[in-house]
Structure formats: C-alpha cells, structure tokens
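Q: Here's the feature list from Swiss-Prot:
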type	residues	note
MOD_RES	Lys7	N6-acetyllysine
DOMAIN	12-47	domain 'EF-hand 1'
BINDING	Lys28, Glu33	Ca(2+) 1 binding site
MOD_RES	Lys35	N6-acetyllysine
DOMAIN	50-85	domain 'EF-hand 2'
BINDING	Asp63, Asn65, Asp67, Glu69, Glu74	Ca(2+) 2 binding site
Amino acid sequence: MTFPLEKALDVMVSTFHKYSGKEGDKFKLNRSELKELLMRELPSFLGKRTDEAAFQKLMSNLDSNRDNEVDFQEYCVFLSCVAMMCNEFFEGFPDKQPRKK
C-alpha cells in the first residue's frame, strides 16, 4: 500500500532526476533544465510570465552556493517555500467541510 506522503516524496525526487543531468551534472539542474522543469511540472507557478529577468532572479535566489546550478537541496528548499505559500493562501479560506480523519 502506498501512502500519500510517500508518493509525494517519490514524485518530488523522480521529477528532479527526470530533468537533471540532461546537459551536464546528473545531480544538478542547470538553467535550461530548471526552466523546462518549471514550465512542464509547475506551469501554474510561472503562470503566463515568461519574463527572463524574473526567471534569472529566481535562479539566483535558488542557487545558494553560486555554482550556476540548482542541486537537490536547493530544489527541496524551493518546493518547501512553494508549499508554504500554498498553505498560507489556503489558511485565509474558512473551513466549509469537516476535516478528514
């Protein structure tokens, strides 16, 4: 039996490795790999924005060790931040249905 959180972790890891190493280090996302991942896997996050300056700023913010690539740890920090933003967004809505047990 697969549990939802285990499945989520599997998807998180496998998605990273699906895009990493297409052009270089197989354990890191370069600029174009990250952009492809975001466009294909998180299109709602980018929305209609294809602003190159905004993407460059995101890349710069994610690349904490300044090697011009995003490693798995940096990727996880990014996903954690996105998850926290989603949680904060939904905290503003009143509960209309009882919580599942």
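Each residue, glycine too, has its Cβ placed from N, Cα and C.
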Q: Please spell out the DSSP helix, strand and coil residue counts for the domain 'EF-hand 2' (50-85).
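A: Grouping H, G, I as helix and E, B as strand yields 25 helix, 2 strand, 9 coil.
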Q: Mean pLDDT, the domain 'EF-hand 1' (12-47)?
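A: Reported value for the domain 'EF-hand 1' (12-47) is a mean pLDDT of 92.
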Q: Give the distance between the Cα atoms of Asp63 (Ca(2+) 2 binding site) and Glu33 (Ca(2+) 1 binding site), rounded to the nearest whole Å.
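A: Distance between the two Cα atoms comes out at 14 Å.
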Q: What are the other residues, in sequence order, whose C-beta lies within 8 angstroms of the center of the C-beta atoms of Asp63, Asn65, Asp67, Glu69, Glu74 at the Ca(2+) 2 site?
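A: Going along the sequence, the neighbours appear as Lys28, Leu62, Ser64, Arg66, Asn68, Val70, Asp71.
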Q: Look up Lys7 (N6-acetyllysine) in the DSSP assignment and report helix, strand or coil.
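A: Note: Lys7 (N6-acetyllysine) is helical by DSSP.
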Q: Going by C-alpha distance, which of the recorded positions Lys7, Lys28, Glu33, Lys35 is nearest to Glu69 (Ca(2+) 2 binding site)?
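A: Out of the listed candidates, the nearest Cα belongs to Lys28.
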Q: Distance check, please: Cα of Glu33 (Ca(2+) 1 binding site) against Cα of Lys7 (N6-acetyllysine), rounded to an integer number of angstrom.
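A: Computed Cα spacing between Glu33 (Ca(2+) 1 binding site) and Lys7 (N6-acetyllysine) is 23 Å.
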Q: Under 8 Å between C-beta atoms and at least six apart in sequence, can you list the same-chain neighbours of Lys35 (N6-acetyllysine), or say none if there are none?
A: Phe55
